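Colleague: TrEMBL feature annotations, pasted as is:
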type	residues	note
DOMAIN	41-97	domain 'J'
COMPBIAS	178-208	compositional bias 'Basic and acidic residues'
REGION	178-249	region 'Disordered'
COMPBIAS	224-238	compositional bias 'Basic and acidic residues'
């Protein structure tokens, strides 16, 4: 416990000594570096290797955040850089987010190694050296600046590809949700119109029943004051009356 406390005090002293020597130019340069980082890779923001531990992530964040803190750095975009560092640390301390990025890193390494293996088959000298060194040649290459730069670019490529797929999927989901919402609204409108029609139909029920009763009683109901036209008589040999002859002009 005492050793941990002493280590923390030593780190604080080293940080204070470091920032005492940091000038305004260095702070401005760091702000510019942060703002130029690839947005999908928080490791780039903190400028740390992919195998960094959570403790190393926290330590690096503390160092850089103090360097570009708006209260200490006069750069007009210091606040933006400070916020970018905070977000990068949050992502890397989230086990799921960090695991997702490390999966892309592993895929990038495998692709680069496979590509290099194909190149070595064509280069007999390099192939022979690799066999003689029993893997040391390959290990040295993986630690080289050349490989690290290639890895950095390949990780960018894979993260970009994954983000594009995620956005397309999100777009499709949004479109499907929009379609379902539209269908739901159309269905509601259809049932609303049906309900209104049924209510109107039920509202005229008494009138319809009354009209039907009148019809069953002998047709159209005679209103008061209305004269019903006389019915024409036809010849019937069984009747005693004589039909009046029709005058023709």
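Even glycines carry a Cβ here, placed using N, Cα and C.
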Colleague: Need one number: mean pLDDT over the domain 'J' (41-97).
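Modeller: A mean pLDDT of 95 is what the model gives the domain 'J' (41-97).
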Colleague: DSSP helix, strand and coil counts for the compositional bias 'Basic and acidic residues' (178-208)?
Modeller: 30 helix, 0 strand, 1 coil
Colleague: Please count the residues of the domain 'J' (41-97) that DSSP assigns to helix (H, G, I), strand (E, B) and coil.
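Modeller: Summed by class, the stretch gives 38 helix, 0 strand, 19 coil.
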